[in-house]
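A.B. asks: Handing you this structure, nothing more for now.
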Amino acid sequence: MYQPDFPPVPFRLGLYPVVDSVQWIERLLDAGVRTLQLRIKDRRDEEVEADVVAAIALGRRYNARLFINDYWRLAIKHQAYGVHLGQEDLQATDLNAIRAAGLRLGVSTHDDMEIDVALAARPSYIALGHVFPTQTKQMPSAPQGLEQLARHVERLADYPTVAIGGVSLARAPAVIATGVGSIAVVSAITQAADWRLATAQLLEIAGVGDE
C-alpha cells in the first residue's frame, strides 16, 4: 500500500526531464512539461544556490513539480516541491528535516536490494534504473532492461515509479508499456536535433502526469 512518510505525488508523474541548468528548466516548462529535476553535480551549496532559487521560482510560476537533486538543504531553505536522492546520499541526508519541511522525496534504485532500502525510507516515489545503457553518468550496475523493469513495476504496483537510464524517443513507448508511471529523460531532449519536437513527441507518449 502506498503510504509514504513524505507528501504523496501523483501515481503518474508523466514526462520527467532531468536537466542541469535553469535555462533548460525554463525552456521545458514553457514547452508544457510539468515534472522536472534540476541536477547539478559536484558543486558547493553556495555555488548552486542562485540556480536552485531561480528553478524553484519557475516551478511555482508554472505550477510544476520541480525536484532538486541532492542539494536538500537548499531545497528545504527555498521550499522546493521535492528532493531527489541517490542511494549513496540517503545515509548522509537528514530525511526528518525534509519530511518536516513538507517536501516530497524521490529515491533512485538499481536492484531489488536498493528497492528494499528505498521502501524503508517510504519516499514519495521510487526511480528504477538504469533501464538501458546510458552515457549521461558512470553506472557501476548493469542495465536492467524492460523485463526487469516490468518486474519491479509489478512489485511496486501501487507506488509511483519513474524509469530512468537510456530512455530514448524510440524506446519510450515500450518503457511506458511496462506500467511505469513516468519516464525520466536526459539526452533524449538535451541532445536532440530539435529539442522542441522531441519534447512534444515524448509528452505525447508519457503525458504531463496526473494532477
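Numbers run from 1 along the shown chain.
For all residues, glycine too, the Cβ spot is worked out from N, Cα and C.
Quick paste of what Swiss-Prot says about this protein:
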| type | residues | note |
| --- | --- | --- |
| BINDING | Q37, L38, R39, I40, K41, N69, S108, K137 | 4-amino-2-methyl-5-(diphosphooxymethyl)pyrimidine binding site |
| BINDING | D70, D89 | Mg(2+) binding site |
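Can you tell me where each of these features sits in the structure?
C.D. replies: Other C-beta atoms found within 10 angstroms of the C-beta of L38 (4-amino-2-methyl-5-(diphosphooxymethyl)pyrimidine binding site) number 28, with every protein chain shown included.
Secondary structure at D70 (Mg(2+) binding site), as computed by DSSP, is coil.
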A.B. asks: Of all the binding-site residues given, D70, D89, which residue's CB has the most CB neighbours within 10 A?
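C.D. replies: Per the Cβ count within 10 Å, the most buried is D70.
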A.B. asks: Based on Cβ atoms within 10 Å, give me the single least packed residue among the binding-site residues R39, K41.
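C.D. replies: With the binding-site residues R39, K41, fewest surrounding Cβ atoms within 10 Å: K41.
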A.B. asks: Here are the binding-site residues: Q37, N69, S108. Which has the lowest count of other Cβ atoms within 10 Å?
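C.D. replies: Per-residue Cβ counts within 10 Å for the binding-site residues Q37, N69, S108 bottom out at N69.
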